[in-house]
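Novice: For reference, the structure I am asking about is given below.
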């Protein structure tokens, strides 16, 4: 029992540190009135979006909760509501603090880089610590409450996944609509610089950074984090029930819990190191924190593995997960950073126009799928067989889930580093709009660029962990539906596979269209304001920021519904119509094509973005040249791919898997209606 | 025995008609000296490409044949060589006649549309009849020779598939390199019209139409055609061996053979109808022929099904295949024709620039995957369960193979209609280069546009049949390797699935890059010629056509090797390393993501193409407007997708499946090296 309470303590520690960091941030100077005014706009816009989003989501949560009570049981329903609410809370706290940190980062940057880095990173860290703290507290409480009935906890995962999908899709649409509107009319048509206060969409654009990159990303990792733990708990419980005499102390269940607790402590220590690092190079500061966190996890998991299981097999699985995650991150960097040949090649192709820019970018994205898939394949094989999967498959599947837990053990740190970027970016925007000295903008730009690199690596991590988590949940699904195999020689499985593989394509199309629609509305609005209020351009009239914020908000909320509902309804329908094996095929198809599309979209998008930036620093004619115009086309094509559709894929595949897991009992009982008709 | 010889007779009938049509074409008037000269360039260029290609391929065939003798047996090796050689012969004859028909079509168009349609369609029909005639003769001969050892015939399929892949990839690279080179430097930079004889790449461009759309497409359908028959023969033999007493007359094997024979007769009759049709509307003429052919197949298969099996189950499977093929064709038309909303929407988006044009085109392509996949899913379920797959899976799988055979039974007609397009297109080019009156070009343009619509539908058919054929071959593979299941709950199967799903992405990237490289070489050459020979533009100097033809040829041959070899080596390696089940997963993954990528690529490409044409007829500012420029970017991006990478996907998945089938014995015996290490 003592060990089980450790999990709650580690969660409370994370929240305590988040609270302390928040106090520190709030204490810092907010700057002058102009800065306060602008940051107030951003803060209020972001919070208004969240509130309206939560209104929508509360209806959704209520309906699904009732469905779950009706078809499954009240325990799963309670877990579902809690998972959803805790995800929302993590997003709310994180955004609240992030939008308080931006202006203070800008103010601190007037006095030097160190203090600015500290505030920006603290803001990100609050989000990270809220994600892991609330995640583990929720899971821990229900674990203690329900004991061995781990299956109820899948409801918690479903709640987290649902919110994640809506937050990612909604946030992605919001941020891109605002971005495109601000860029296309403001920068290109009106010729005013980035973050100019005369641009009516400028506040929406800055709000978008928070909504998409802070709240969306936080909800995404919240669900990966709890999903990986739930899958290993489910598989661990199964091991205990099957080979109970081998595990007198419930080791397979306790191990991932303890590992997660250690991961939290490691994240806190890593965050403290990164904050205190008196290094003039912010990249080194972030790296130091990340390394220290990782090393703590590695050492502790070796000890834990030896103590609990008597060997280092579990340890190897965990390290495999960590290494695979880092390798995928590295590959992501190689395909999306201008330091390597791929981005340079795209930049070279801008010379022959937009068409060759697009073709080469698509090709780079497609090529970049190869190594991550091979690494994931190695990860699966090593973590499965090292645990002894050849003789005991259940043990092997448990090994795969441990690799996912290993990859995500330092989520607190990952989120901190990811969320730090948009805070620095926002700080730069506020500095610009408040006419602070150029030196301030230089510092925030430097901090932001560091954030961009680490964010690319974080995206690789997110994809790798999504794949492993989905596969571990997939194994849990099979055990829950009591199917012996998911046999591709059966036509229904193949049908499921084909439909599943198609869903990411459909999903991608829907989200891309949504961004297009929302962006068009924004473009029209910005044009209208410039036309009807000529005083704006002269700086004599204040643009109607709120209207633009409202357009992005309304569009995001409207457009997120269909993809979100599809992701829940389709798997259940296929399971009911074609049975549990077809649904298994569907998940496998969705995972394989979803991971590929996610890699293609985020890497093509990232590569175009950096190819454009590579030209902007003076290559191939620099800004304003024909090459640059072609590069801008590439970047614009890549925007919805890398910031909306691509990141949503990860959640799509996990959400569909966990929906199937939660409804596995129903599908086991009623599934396969069409097949019964043929028999 | 009598029935078995029917197959040879039907093959001979097809070849006889091809011979008669050829005689008729050769007899027609070739036109003036200028026309003869130009058509001579095209003919010689095309033949030179084929000869050089065949030199490369003969080495490849030899090596693989030796490997097969060594690892499998000499019978399979003989079949392999024959399949390859017959595919080559079909391509050679077809191209020969096609490049003789183009100039005669142009000459006939001087005297009216009817005669021109007749010649162009006869040219295409020769290709179609050679494909089915040689295909069925080869298969029939080996079937009579080897009797029940149908497994040897898989070698024939492997030969056909290998040639198809090289022909498609090589032809696709050839045609796009020439096209881009001719357009970008000739039309855009030098401002001369399409098919202007001053353009050094103009001959290569016209050769490309033949190499890609005639020879490449012919080899593609040759392999689909024989592949579908082989899969149903394999599965039929299995049925006979397992439930011999139910089939005293070897019905499951004879049925597809007879069906194929009837399909040939139906194709011949359909071709005759289309040729004789005195309709002012060429579309109606082609449609009539197609409908008549289809109706003959439907009626005969109903009779055959009742007579041989005593019920209409096999008939329903066949009709299911036909209907699915037509539905996919219709969907393809709806997503790629300017008569429907999708293309109009892309055209509308050209108004806001190249980026939105690309995004909306990608989204259209992604969305267009949904219905074809659902139709294929229905096709699988209906043809499986109608045959009684619920109680006897072997019978159900046989039903799926019949659906594929049904879809491809009128391949002779499909190829005739497909190959007719490039002949009409070439005729237009020759008319232009020979300065024939505008009325001639009008007629050839009309004939060509009809060809484009039917070709789009043919592409849909090709994708649908590739999916069903691959799945039927997949079932044969499972039986050959004696695996009981391909279980996605086993990690190696999942690993296979992930790697398989990734291959089409890698393959797409490789072929897109190849087109880019080849096109760049062509661009450089055309620019060089314009620069070094200023007399060309004044019409005083003849451009060096041969040099451009040579560049396309060399690039196509060089670039086709790596993708072709990958498609053969990867499946065998995975089978050897990870075992037969992992290889099964690989095939399933490759089929699912390959079909999706094929649909995405060909539909996005087709939609961009027609959106540009829609603007060119006067919408959104017409030719030369900003919208048109954006439309051209879309079209250029779509070109390699729809003409090189997309069509290659179909063959890639079939080739990998049949490679696995041919090497199933080796994999059964030696496969799974890594797994043995872990055990």
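Cβ from N, Cα, C; glycine included.
All annotation found in TrEMBL is predicted automatically rather than curated by experts.
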Novice: Tell me which range among A:181-199, A:200-218, A:219-237, A:314-332 TrEMBL lists as transmembrane segment.
Specialist: A:314-332
Novice: State the residue range annotated as transmembrane segment by TrEMBL; the candidates are A:532-549, A:586-603, A:604-621.
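Specialist: Within the set A:532-549, A:586-603, A:604-621, TrEMBL attaches transmembrane segment to A:586-603.
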Novice: How about the transmembrane segment (A:314-332) and the transmembrane segment (A:461-480): do they have 3 or more C-beta pairs under 8 A, pairs 6 or more apart in sequence?
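Specialist: Answer yes: the transmembrane segment (A:314-332) meets the transmembrane segment (A:461-480) with 3 or more Cβ pairs below 8 Å.
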Novice: Six or more residues beyond either end and a Cβ under 8 Å away: which residues meet both conditions relative to the transmembrane segment (A:461-480)?
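Specialist: Answer is 151, 154, 157, 220-221, 224, 227-228, 230-232, 234-235, 238, 321, 324-326, 328-329, 372, 375-376, 379-380, 397, 400-401, 403-404, 407-408, 414, 486, 584, 587-588, 591, 595, 598-599, 602, 647, 650-651, 653-654, 657-658, 660-661, 664-665, 668.
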Novice: Counting only residues 6+ away from its ends, which parts of the chain sit with a Cβ under 8 Å from the transmembrane segment (A:150-167)?
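Specialist: Tertiary neighbours of the transmembrane segment (A:150-167) are 53, 56-57, 60-61, 64, 68, 72-73, 75-88, 91, 135, 138-139, 142-143, 215-216, 218-220, 222-223, 226-227, 230, 233-234, 236-237, 253, 473, 476, 480, 560, 563-564, 567-568, 648, 651-652, 654-655, 658-659, 661-662.
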